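Per TrEMBL, the features are as follows:
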BINDING   Gly76, Thr79  Na(+) binding site
TRANSMEM  34-56  transmembrane segment
TRANSMEM  68-86  transmembrane segment
TRANSMEM  98-122  transmembrane segment
Amino acid sequence: MIKNILLVLLGGGIGSVARYLLSYFFSKNEATQFPWATFIANTIGCLLIGLLFGYIQKNNLQNETLKLILITGFCGGFTTFSTFSLENIQFIQNQNYNLAILYTISSLVIGLLAVIIGIKIFN
C-alpha cells in the first residue's frame, strides 16, 4: 500500500509540475479570455489516458506500477476538473455565458474524442 501511494505521489507530482509549467507559459503568452492552459492540459490528459489505456489493453498488461504512476498519478495531477469548473463559474458570474457554454461543450467533446483516439491508436 505504501509503495502504491508513493508511485501515485511520484506521478502526480510530475503531472502537477507539468500542469503548472503549461499554465505559466500561457499566462505569459495568452491574449484571450479563453482558459487555454486548462483546456490543453485536459485535452492532452484525455489523449494520454486513452493512449495508455489502449496500450495496456492491446498488450494485455497487468502492470499496476505503470497504471499508478502514469494514469492515476501523472494524468490525475496534470488534468484538472476543479479548475475547469471554477473557470466556468467565473464566466457565469461575469455574465460571459457564451464563453461558458463554448468552453464546457468543447472541453467535453474534445476530451471524449481524445480518449477515443488514444484507445483507437492501439486497437
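For all residues, glycine too, the Cβ spot is worked out from N, Cα and C.
Values in this document were obtained by computation on a predicted structure and should not be read as measured data.
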Provide the three-state secondary structure of Gly76 (Na(+) binding site) computed with DSSP.
-> helix
Other than its close neighbours in sequence, what residues sit by the transmembrane segment (98-122), given a CB gap under 8 Å and a spacing of at least six beyond its ends?
-> 33-35, 39, 42-44, 46-55, 57-59, 84, 87-88, 91-92
